[in-house]
Amino acid sequence: MAAAAAPGSLRVGFVGAGHMAEAIAQGIIRAGKVEAQHVLASAPTDRNLCRFLALGCQTTHSNQEVLQSCSLIFFATKPHILPAVLAEVAPVVTTEHILVSMAAGVSLSTLEELLPPTARVLRVSPNLPCVVQEGAMVMARGRHAGSSEVKLLQTLLEACGQCEEVPEAHVDIHTGLSGSGVAFVCTFSEALAEGAIKMGMPSGLAHRIAAQTLLGTAKMLLQEGQHPAQLRTNVCTPGGTTIYGLHALEQGGLRAATMSAVEAATCRAKELSRK
């Protein structure tokens with residue numbers, strides 16, 4: 001169970017089998033990073049495990065069995081359940097394991113306190129678009145996790161979207177920006193479509209065009225590396241439709257409200273981390 005093993009030969013475990021765990025499993029399997037039969041997931045009941053079985057993965061009700069069978073483990077339980085789960089598996093953790101927590105608000109120091117002294121621990125903060133392999137993820141490493149562990153995890157998670165290493169202090173900000181940001185973007189997409197509906201466009205068409213507009217704009221920003229202000233300027237011709245619309249957005253306080261939304265969500269994430 002060496003950290004430097006090629007991703008394709010890895011045995012990957014999931015303790016917890018919810019939607020985010022399934023999304024990551026699906027991404028790494030479809031990308032050929034890990035063979036389905038080399039993925040083992042555990043959960044108390046079969047309710048979620050059936051989705052892993054459908055992917056061709058192995059399943060169990062024993063959390064310890066996951067660690068005994070796999071070298072890279074994703075802990076995908078609810079945050080308040082994780083301490084009890086770590087206490088349960090701690091006796092079988094070895095120096096060969098790479099342990100990755102997906103639990104929001106559980107710090108690296110807390111994870112390391114609950115595990116053996118030299119455990120190699122990392123935190124990952126995913127977001128819902130991992131389900132369609134377009135996630136925005138960040139990771140932070142613990143004291144005993146090195147560059148090889150980070151590189152291995154990054155190689156796997158890039159099958160599910162964008163993944164970057166950050167200082168742990170940025171993980172809560174990522175929660176406010178990208179985790180909660182999915183809901184903020186959905187609210188804006190809904191508002192765009194409702195504006196078109198107000199002007200007479202059929203609902204289904206308006207929502208499809210709004211979503212495609214968001215997708216296309218995001219691709220341009222990522223692929224061309226432009227600052228959003230530059231792309232906005234390119235669209236905004238003097239005396240044209242866009243500047244009139246932007247003026248209405250500024251009057252409504254869109255920019256300040258969005259900044260405040262990210263700030264509020266980040267502060268709440270930090271508050272939960274302290275509990």
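Each residue, glycine too, has its Cβ placed from N, Cα and C.
Bear in mind that TrEMBL entries carry predicted annotations, made automatically and left uncurated.
What TrEMBL says about this one:
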DOMAIN    11-105  domain 'Pyrroline-5-carboxylate reductase catalytic N-terminal'
BINDING   Asn63  NADPH binding site
BINDING   Ala76, Thr77, Lys78, Pro79  NADP(+) binding site
DOMAIN    168-272  domain 'Pyrroline-5-carboxylate reductase dimerisation'
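Per DSSP, the secondary structure of the domain 'Pyrroline-5-carboxylate reductase dimerisation' (168-272) breaks down as 89 helix, 0 strand, 16 coil. Sorting the binding-site residues Asn63, Thr77 by the number of other Cβ atoms within 10 Å puts Thr77 first. Within 8 Å of the Cβ centroid of the NADP(+) site, not counting the listed residues Ala76, Thr77, Lys78, Pro79, the chain contributes Gly16, Gly18, Phe75, His80, Ile81, Leu82, Val85, Met102, Ala103. Averaged across the domain 'Pyrroline-5-carboxylate reductase dimerisation' (168-272), the predicted model reaches a pLDDT of 95. In this structure, the C-alpha atom of Lys78 (NADP(+) binding site) lies 14 angstrom from that of Asn63 (NADPH binding site). Asn63 (NADPH binding site) sits 11 Å from Thr77 (NADP(+) binding site), taking the C-alpha atoms as the reference points. All protein chains included, Lys78 (NADP(+) binding site) registers 11 other Cβ atoms within 10 Å of its own Cβ. Residues in the domain 'Pyrroline-5-carboxylate reductase catalytic N-terminal' (11-105) partition by DSSP class (helix H, G, I; strand E, B; coil) as 42 helix, 19 strand, 34 coil. For Ala76 (NADP(+) binding site), applying a Cβ distance below 8 Å and a minimum sequence separation of six or more within one chain yields Phe14, Val15, Gly16, Ala17, Gly18, Met20, Ala21, Ile24, Met102, Ala103.
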